[in-house]
Protein chains: 2
Amino acid sequence: MSLGEFDLIRRHFDRPVQRQPLGVGDDCALLAPAPGQQLAVSTDLLVEGRHFLSTVAPQALGHKALAVNLSDLAACGAEPMAYTLSLALPRVDDAWLAAFASGLHALADAHAIELVGGDTTAGPLTVGITVMGQVPPGQALLRSGARPGDALWVSGWPGRARLWLEAVRGTLRLEGASFEAGRLAMEYPQPRVSLGLALRGVASSAIDLSDGLIGDLGHVLERSGAARGFDRPLGAEIDAQRLPRHPALSGLPARTVLRCLLAGGDDYELLFTAPPSREAAVHEAARQAGVAVHAIGRITEPSGVVVRDGDGVRLSGHWSSYDHFRSEGGAQP
Amino acid sequence: MSLGEFDLIRRHFDRPVQRQPLGVGDDCALLAPAPGQQLAVSTDLLVEGRHFLSTVAPQALGHKALAVNLSDLAACGAEPMAYTLSLALPRVDDAWLAAFASGLHALADAHAIELVGGDTTAGPLTVGITVMGQVPPGQALLRSGARPGDALWVSGWPGRARLWLEAVRGTLRLEGASFEAGRLAMEYPQPRVSLGLALRGVASSAIDLSDGLIGDLGHVLERSGAARGFDRPLGAEIDAQRLPRHPALSGLPARTVLRCLLAGGDDYELLFTAPPSREAAVHEAARQAGVAVHAIGRITEPSGVVVRDGDGVRLSGHWSSYDHFRSEGGAQP
């Protein structure tokens, strides 16, 4: 029997599992969670022209497809275990597959997780990943745990991916170093898994930033409001001066910077809340994880989301979140 | 805020979980496997024009997308727990979504499992499902467990889906009742979950029939050969007279019938092996599950796959399996 195209594809992805009982090649994979742990599961589907441009390097695509899923585990404080890959390919291109797989495997190895199953078919380029992690019962970080009075925190340096996208679209110009910083942020986001684990028992709620800070904050406020018995979402006040600004965002109009920070999308940082009394514990968790964190505001009773500048003046604006069905904010076909 | 398209979509899929700790709406779902159980995971990606025709009823598509995944759990002897859904949609069509969701929910309810997470985006119509089940350590049915001398069994009535496909293509004509039987087999396959559970401790190996009996048997022979220390796949002898024939296949040329039975694809029956001494236990498992089973041959030392007619005469033929990258056997774009 000649080496078929499926075999070609499988050569890039079939690696024997070391940590789980059974990997690729049977009807199911078998995973062995640690005794008593709950299983955390997240899934994402990336479509060409929508979540990535056709010009993206396949290695970056492999990285990002897994990174956005690991970011969901991070936001739950779950420890990654394994993932499955579904791939629709318009053609079988060995060099493309090798590069895609290398990006995928490198990030998987960095987080000590294994590809345990998948499905490949012909079709428009589509990458679907489902990731599984474990977390002790009651310790998962949920969107619903924020309370009025909690401090609002964000990890790392949001806004760079959006900055890069604006430059690619030609709506602003960037120097070489800033463009490169933006490209790296867009193509190689680093999921904050260690931070999520360190924030167990410290943060009251968490979400990862995929659709823009204000939009994702809205999910936390909505679910936390419902969980607290309010018939409306909780409110929040954001101090614009305290939003962390990466050097790539310097020298740009204030309005542009604020838009990148608050409605950027594709940040894959953690947005989380914690009681003010846990400030030192938050800093210790960040130190353990080796990730910068910044307190950017606070949660309030239901009263909407307010963004204030350094003098406490309320900034108006439509900080809309990224909606894949709208024409703004995304890579369109 | 107006009801956006995402909300429209979510209305069809967000149902509160009853059995698992956390469902749709957070960064991750949370599952609680029974203490000490392993987790069985399988994933499938269905692409329009490849795995289903654009004319398929959305209710049938919802059913089948989940059924093919449940069939993988069945082949492992795992008890279904939960699933995630990834959906790329070219447009948001409320009636389509309602019908699709009803097909999905009906099958999920029949197997007491819940939709715990997902992702929706604009894109070419694509349905990705990952299903999770549980199985006690060491009890999963694997492809690698067949031994020379084992009897080879198949559940139900394979061949009908391929028969229907041939009729749709115009390569043969079917009466109304046979056409309808074929359409039901293709669009509403019934995953043999109960049978898989009942075969724990009875079957030595199992696989579900998705790509044709001979092709899928090949996977069992290959992995079982390697597991037994052979450098080639195990062999098998199939008694063509003992292949179960659904009434829809009657009155057709013998060659056509054999092709539907051996290289059909889309059967979602279980093909399994068991030592001859376990024949009564196999029948008892089938009785418990309410599914017909037939012994159709036996596993041999490595010597290829032989199909014999009633007089023991070897039938020649190329019983190729279904390859999504080839032009034969599938619904092509």
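Cβ coordinates are placed from backbone N, Cα and C, and glycine is handled just like the others.
Over in TrEMBL, the protein carries these features:
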DOMAIN    B:25-135  domain 'PurM-like N-terminal'
BINDING   B:Asp27, B:Ser42, B:Asp72  Mg(2+) 4 binding site
BINDING   B:Asp27, B:Asp72, B:Asp208  Mg(2+) 3 binding site
BINDING   B:Thr43, B:Asp44, B:Asp119  Mg(2+) 1 binding site
BINDING   B:Asp44, B:Asp72  Mg(2+) 2 binding site
BINDING   B:His51, B:Asp266, B:Tyr322  substrate binding site
BINDING   B:Gly118, B:Asp119, B:Arg143, B:Ser210  ATP binding site
DOMAIN    B:147-308  domain 'PurM-like C-terminal'
BINDING   B:Asp211  Mg(2+) 5 binding site
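All features noted in TrEMBL, drawn onto the structure.
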residue  : record                 : Cβ within 10 Å
B:Thr43  : Mg(2+) 1 binding site  : 28
B:Asp44  : Mg(2+) 1 binding site  : 26
B:His51  : substrate binding site : 22
B:Asp72  : Mg(2+) 4 binding site  : 28
B:Gly118 : ATP binding site       : 24
B:Arg143 : ATP binding site       : 24
B:Asp208 : Mg(2+) 3 binding site  : 27
B:Ser210 : ATP binding site       : 22
B:Asp211 : Mg(2+) 5 binding site  : 23
B:Asp266 : substrate binding site : 26
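Looking only at the binding-site residues B:Asp27, B:Asp119, the densest Cβ neighbourhood within 10 Å occurs at B:Asp27. Here the candidates are the binding-site residues B:Asp119, B:Asp208, B:Ser210, B:Asp266, and by Cα distance the one nearest B:Asp72 (Mg(2+) 4 binding site) turns out to be B:Asp208.
A gap of 10 Å separates the Cα atoms of B:Asp27 (Mg(2+) 4 binding site) and B:Gly118 (ATP binding site). In sequence order, B:Thr43, B:His51 are the binding-site residues among B:Thr43, B:His51, B:Ser210, B:Asp211, B:Asp266 whose C-beta falls under 8 Å from a C-beta of chain A.
Secondary structure at B:Thr43 (Mg(2+) 1 binding site), as computed by DSSP, is strand. Taking the Cβ of B:Ser42 (Mg(2+) 4 binding site) as reference, residues of its chain lying under 8 Å away and at least six apart in sequence are, in sequence order, B:Asn69, B:Asp72, B:Leu73, B:Cys76, B:Thr130, B:Val131. Helix, strand and coil content of the domain 'PurM-like N-terminal' (B:25-135), in residues and according to DSSP, is 36 helix, 46 strand, 29 coil. Here the C-alpha separation of B:Asp208 (Mg(2+) 3 binding site) and B:Asp266 (substrate binding site) works out to 10 Å. Taking only the Cα positions, the spacing between B:His51 (substrate binding site) and B:Thr43 (Mg(2+) 1 binding site) is 14 angstrom. Model confidence over the domain 'PurM-like C-terminal' (B:147-308) is summarised by a mean pLDDT of 95.
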